[in-house]
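Please read the structure below before turning to the comments.
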Ligand code: HEM
Ligand code: FES
């Protein structure tokens with residue numbers, strides 16, 4: 001995918017700069033000339049939406065940090081002051097708090113897009129793993145950000161999540177307690193904990209931005225996947241230049257997403273928050289019903305489903321990390337679920353299971369809820385460890401189009417891209433070959 | 001093969017490489033240590049762990065009082081006769097973390113139970129007088145503790161630990 005830039009600096013200054021730092025050419029080849037498959041749908045605009053959300057979080061976050069005080073005695077009041085006294089403070093804070101939720105909505109759509117269209121398959125494994133790292137960094141950042149307002153949910157969320165590490169005591173006694181004390185800087189979640197979480201909450205988004213650059217570098221090296229999962233074969237026929245086509249489509253997607261964001265922001269800004277977080281942290285009382293932010297609920301449900309402390313912690317972390325292994329767990333040679341009749345059904349079952357886990361994560365851990373969470377947790381891992389590898393071996397994929405261009409032209413002719421595929425049958429039917 | 005053996009013969013240069021690498025590794029570890037150690041509780045936090053006195057006289061029978069020592073929550077429970085009896089009569093071997101009630105209170109002071117107030121699962125504060133054994137019930141993930149603070153059901157792996165304390169008089173304890 002490299003070497004498609006035809007950048008010629010126009011002005012004298014641009015020529016001078018280009019011969020010293022070829023940044024114009026880099027930008028031109030990455031965002032103007034970069035060839036994108038001509039059949040991308042709106043699910044491919046979520047990358048741009050995520051970039052925008054990262055910028056929104058950093059800009060609002062830096063501004064909030066100018067008014068926020070990272071001290072256990074003052075933090076809660078400083079956030080209330082942001083809400084009441086600072087000009088537009090309410091708006092900036094709601095942008096940041098709801099922005100985090102929007103960021104996760106976008107990232108979940110982006111991840112499921114990848115799972116549906118097989119975007120993790122060769123040669124995009126590293127691209128995918130960088131994505132998993134971004135997801136982990138996002139989770140760490142959001143967790144620590146939620147601690148900063150120092151409300152009841154902040155405090156007890158921090159207590160429960162940091163205590164997860166005490167499970168290591170069950171492997172080597174003392175090690176877990178040592179790690180937890182190190183995280184806290186004391187014998188309980190307290191002022192030192194808040195201070196270090198603030199420093200890390202400020203730092204991690206910039207590390208995240210660094211990984212995003214690697215993610216895009218890898219993307220531009222291997223090229224984008226597309227809804228057919230068929231690789232670009234002829235750059236002239238199968239692709240169109242990033243600008244204006246992808247740029248404009250991304251703009252439309254971003255604006256629609258912003259409308260959605262604005263609806264939450266202006267009409268239901270506390271919908272995704274929790275009322276208990278407007279009560280200041282109190283280390284002697286746990287709220288009757290503590291729940292994490294919605295975007296952690298499926299993982300929280302997995303944690304609680306396992307009746308052993310260490311087992312629950314291991315299951316929860318595995319549920320995220322298993323994503324990194326997906327390129328090797330999925331044995332199918334066909335990327336896109338559009339051509340995998342069985343995988344497509346299992347994909348939607350998996351989506352429902354994740355939503356079900358999210359629902360159960362918000363319910364009290366008793367009776368039927370626990371049993372349901374255990375069944376869904378079992379299925380969650382079954383999907384990755386058994387269904388993905390086995391499906392690739394037993395499933396007969398549908399006939400793939402010969403090329404991206406062919407699939408596009410066929411569908412505009414009105415025929416189904418899969419049923420009427422023209423051309424030499426053998427070549428057309430040959431599934432994707434890996435690596 | 002003879003060639004390879006001669007080539008593998010350690011030279012002065014190999015020694016220098018290894019020695020340089022070893023010194024470098026020690027240096028990196030020495031610099032890393034302060035960066036890790038600074039995360040540990042600082043002197044002020046540890047100093048705040050000086051022993052505290054607690055007057056038991058105002059704690060009526062059946063009541064649970066909360067206090068803090070070293071930033072950690074502690075429950076002081078004035079147990080009723082029934083609560084003591086139910087804690088003592090269980091078969092210790094059936095418990096997930098077997099401990100007789102007598103090992104969790106001071107001799108002659110069975111009515112006073114002093115335990116840390118954070119659930120041994122993930123640290124929430126269990127609610128007193130609740131759950132099947134009317135000891136404590138943790139609202140977070142449903143761990144059930146008995147009137148001796150022992151884990152009976154749920155994900156918590158161990159009993160609520162007993163902090164270091166001693167009776168200075170019949171109505172006064174020193175924690176720490
Ligand atoms: C990956 C990007 C980020 C995410 C996902 C994120 C997430 C969050 C979340 C969930 C909260 C709690 C909001 C609430 O309920 O009040 C928060 C608070 C906060 N964040 Fe961020 N954040 C990000 C980037 C940043 C950056 C770059 C800064 C810069 C310093 C920052 C500064 C703050 C401050 C000062 C607060 C406390 C004020 C408040 O609670 O509204 N954040 N963040
Ligand atoms: S913290 Fe008490 S049961 Fe989980």
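Note that the numbers count up from 1, one per residue, in the order the chain is shown.
Each residue, glycine too, has its Cβ placed from N, Cα and C.
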Correct range for transmembrane segment (source TrEMBL, candidates A:279-299, A:342-362): A:342-362
TrEMBL annotation (transmembrane segment) - matching range among A:14-41, A:42-69: A:42-69
For the transmembrane segment (A:310-330), distant same-chain residues with Cβ under 8 A (at least six beyond the ends): 111, 115, 118, 120-122, 124-125, 128-129, 132, 135-136, 139, 164-165, 167-168, 170-171, 298-300, 302-304, 377, 380-381, 384-385, 388-389, 391-392
Chain residues outside the transmembrane segment (A:42-69) and at least six past its termini with a C-beta under 8 angstroms from it: 75, 77-79, 81-82, 86, 89, 92-93, 95-96, 99-100, 102-103, 106-107, 109-110, 113, 116-117, 145, 148, 198, 201-202, 205-206, 208-209, 212, 219, 224, 226, 246, 249-250, 252-254, 257-258
Residue numbers, six or more beyond the limits of the transmembrane segment (A:368-394), whose CB comes under 8 Å of its CB atoms: 301-302, 304-306, 315, 318-319, 322, 325-326, 329-333, 340, 342-343, 346, 349-350, 353-354, 356-357, 360-361
Cα distance (Å, whole number) from residue A:220 (ubiquinone binding site) to residue A:96 (heme b b562 binding site): 30
Close approaches to the transmembrane segment (A:251-268) from elsewhere in its chain (Cβ under 8 angstroms; 6 or more beyond its ends): 42, 45-46, 48-49, 52, 91, 94-95, 98-99, 101-102, 106
